[in-house]
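As written in TrEMBL, here are the features:
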type	residues	note
TRANSMEM	6-28	transmembrane segment
DOMAIN	384-773	domain 'Ionotropic glutamate receptor C-terminal'
DOMAIN	394-451	domain 'Ionotropic glutamate receptor L-glutamate and glycine-binding'
BINDING	T462, R467, S630, D710	L-glutamate binding site
TRANSMEM	507-525	transmembrane segment
TRANSMEM	579-602	transmembrane segment
SITE	V609	site 'Crucial to convey clamshell closure to channel opening'
DISULFID	C722-C779	disulfide bond
TRANSMEM	793-813	transmembrane segment
Amino acid sequence: MDFFVLFFILMIVNVIFVTSEISLRFVFILEHHDYELAEQIGNALKTVEESTPGVHLSDAVIFLNREEDGESYRKLCSSVSTGVSMIINLSWAPWPAAEDMASSSGVPIIHTALGSQQLIKALDDYLESRNASDAAYILESEKDVDKTLYELLGRSNVRVWVHAGLTRDSANVLKSMRPEPSFHVVVGNKGFIMDTYRRAVKEKLVRRKYRWNLVFTDYSGADMDWSQVTLPAMVLYINPDECCKLMKQEKCTCPPDFQRTQSMLSYLIEYIVTSYGKLEDQQFTTKLDCNAIEMGDMNVTKEKLLDFFNQDSTNNDSLFYWNIERSGLFLRSRFVLSYSDGSERLELVAKWSADEEYKLLPGVTLEPLRMFFRIGTSAAIPWTLHKMDPNGQPMVTDEGDPVYEGYCIDLIQKLSEVMEFDYEIVTPKSGSFGRKLPNGTWDGLIGDLARGETEIAVAALTMTAEREEVIDFVAPYFDQTGIIIVIRKPIRKTSLFKFMTVLRTEVWLSIIAALILTGFMLWLLDKYSPYSARNNPDAYPYPCREFTLKESFWFALTSFTPQGGGEAPKALSGRTLVAAYWLFVVLMLATFTANLAAFLTVERMQTPVSSLEQLARQSRINYTVVEGSSIHQYFINMKFAEDTLYRVWKEITLNATSDQAQYRVWDYPIREQYGHILLAINASGPVPDARTGFRQVEEHLDADFAFIHDSAEIKYEVTKNCNLTEVGEVFAEQPYAIAVQQGSRLQEDLTRALLDLQKERFFEQLNSKYWNESLRQSCPDADESEGITLESLGGVFIATLFGLGLSMITLAWEVFYYKRKQKTNVHDTTTSEKPRPAFVKKGKLRRRKKTVTIGDSFKPAVDVSHITVYPKGYVP
């Protein structure tokens, strides 16, 4: 025999056996929105009376208007004054006035849920198991919205957003909601859920796996076409066997138009009537006076009735169970949790009853759902850069959002791996890093954080007290950054004859004049000095250098070389001149060498300015900053500080009443430079962005334009551009830090993650990646100790090659001259009529040379042209 039919027959027989007639009066409390439920109550009472002979039921319905609580209470008092057996609260939350009345009089009061509250509670248990912090609920009607809110408020730890239906407007609200819901829940029947899901896909709300939860209030959850699911989603529904129990059938097919609420209500009243029938000799009905409520005999009936409910709850086959905490009879629904990945069938995850704790099936594990954050950042080099494709065009995602890379993007990716969260990069719609507006609000990253548009801000964001008034900072991720000056490297004015510029033109002319004068004086002294080798042959019987005019100039010229000028004059006057000339040569060579080395060294080390103070004192080099940037604001603040200090100093000195002598100083004790710097910046005009500033610096080839900007960005550009160089030291140093919303729980987690990354030396790896000094090795002048270039001394080689060419030309002239002279001599010899004796020269006789005898014996020497006699001890 069918078990459920047998159970139902036994229950009816038991009621008939225990008592022949039972008269009960129920007072129902409904929300004033549930007018249709009153009709269903009447139908349920009629059904129970027809199915249970000997039972007479009456009722009173109180519509609870919580905004007019007093009027509702008066109606309740009027109803119980005529008699009450039990107060059945079908409202969405307990009513304290009715609770106090029942507690004081002993009248039984029970609660129950006829809608989707139990499904909402079941899903909430699942969401909390996944560490959900918030969820957006989409329901069929406004009444369902209220039911859901009453069920979750005070019982759930999940922050919820609830709305009736999904339209284009509500979809836009969901898109713009900040923070964005971590989970989305659709609650309703089959048709509503699938229509809503298709709308969500169309509005691009379905973007992440397992974030959409479909909760079926009917019994069609297991019978659907799941191919419409684009991304894996969770599915929660009630076991369809419950429908069969409510229909009092063992096996059935739940009809699409099944009236679940009506069946639950009928079954509940029947269960209560059956429970009353098991009580013997008890008072079932009493009349109450709200002005004098006293504990009556109904208290004993209440205790026995509740004990029966509690004991019967241990029977898992019973359709209802008693919840002591909520003092209610609730349907023992059996929930089925599955997930769909777009295939034809569902993958089962968990099964549990309404009176049990949520738990997964044995052997089933759900992969952890990662948290999702909207992370704000702002473009800055090298922190956040637009990623370019091979064609040099900015890359975008499938949704058209730009793709970023850089130091901060790498840091965000690493944090997502360490803290296990997903993220979306968001850039400010207005502003950049954040500026306080005249109305007190903020734009940029700070404004997005303050308004909840983002949960985290990871950018080149400096920590300031003004910003900490609206947001919170975590531990710095980049210790110190500041302000520095960048300028173009001066272009060397190279020349092949640059070595000639070491000495001025008049000095070169003076050297040439000295050379010519010295050569002429040597010739003159050697010619007229009686002690020269030419005029005193007896003192110098060996061959000596004859200082002709040509030899004198050659001596003067060769004295400039390390080889020396050769044999010096013999006369004292000539040697005195040569000694003085050599001293002149030594000094001139030493001067030229020293000046040449210094000249080439200074050329390599030449920098127009070396500090901010020098930049402020000069007027040749213009400079600027990015308009509205923190650097611009820094100079404005320093100018304001200078003006304030000057005003205070002036008031002290002018208003001093004690000893004015101590304030009498020659100079103002504070150096005023930021006012001049700000004037120069305004005169040059601030640039709209850093890229424009770097471009202007590079365009000024004479290094007469400087850009004052963030030191980290400048160092990055210097490693990429060989034409740029840093000037001076970093000043106004501040750390970069990650920002979160005020009071955010992420502050501690991010701080811990940053400290762990610091221990792993992750930040050092990022620094070496984006500030790679080895890239400058490819620059032609990256090393300041490089040698002298060929351009600087190319003239020396040209002069040598010129001398070589001139010598070849001279050689050709000498060969030509020699051959021509030899040809002339041969012609003269062949044309003479009669040869002349060797001693005859043009008609006159020459004396014949005497015979010279050589050796011990006297023998005449033949064909001796001359004899050279050397002094004793002379070795030729």
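Backbone N, Cα and C define each Cβ position, glycine as well.
Here the CA atom of C722 (disulfide bond) lies 27 Å from the CA atom of S630 (L-glutamate binding site). You'll find the Cα of T462 (L-glutamate binding site) roughly 28 Å from the Cα of V609 (site 'Crucial to convey clamshell closure to channel opening'). Its Cβ placed at the centre, S630 (L-glutamate binding site) has 21 other Cβ atoms within 10 Å. When the alpha carbons of C722 (disulfide bond) and R467 (L-glutamate binding site) are compared, the span between them is 37 angstrom. Cα of R467 (L-glutamate binding site) to Cα of V609 (site 'Crucial to convey clamshell closure to channel opening'): a distance of 35 Å. When DSSP labels each residue, the domain 'Ionotropic glutamate receptor L-glutamate and glycine-binding' (394-451) comes out as 21 helix, 13 strand, 24 coil, counted as helix, strand and coil in that order. A straight line from the CA of D710 (L-glutamate binding site) to the CA of V609 (site 'Crucial to convey clamshell closure to channel opening') spans 18 Å. Sequence-distant neighbours of V609 (site 'Crucial to convey clamshell closure to channel opening') (same chain, 6+ residues apart, CB-CB distance under 8 A): I485, I487, L615, Q618, I621, A706, V727, G728.
Take T462, R467, S630, D710, the residues named in the record as contacts for L-glutamate: the widest Cα to Cα gap among them comes to 19 Å. Of all the recorded positions listed here (T462, R467, D710, C722), it is C722 whose C-beta has the fewest other C-beta atoms within 10 angstroms. Confidence over the domain 'Ionotropic glutamate receptor L-glutamate and glycine-binding' (394-451), given as mean pLDDT on the 0 to 100 scale, stands at 87.
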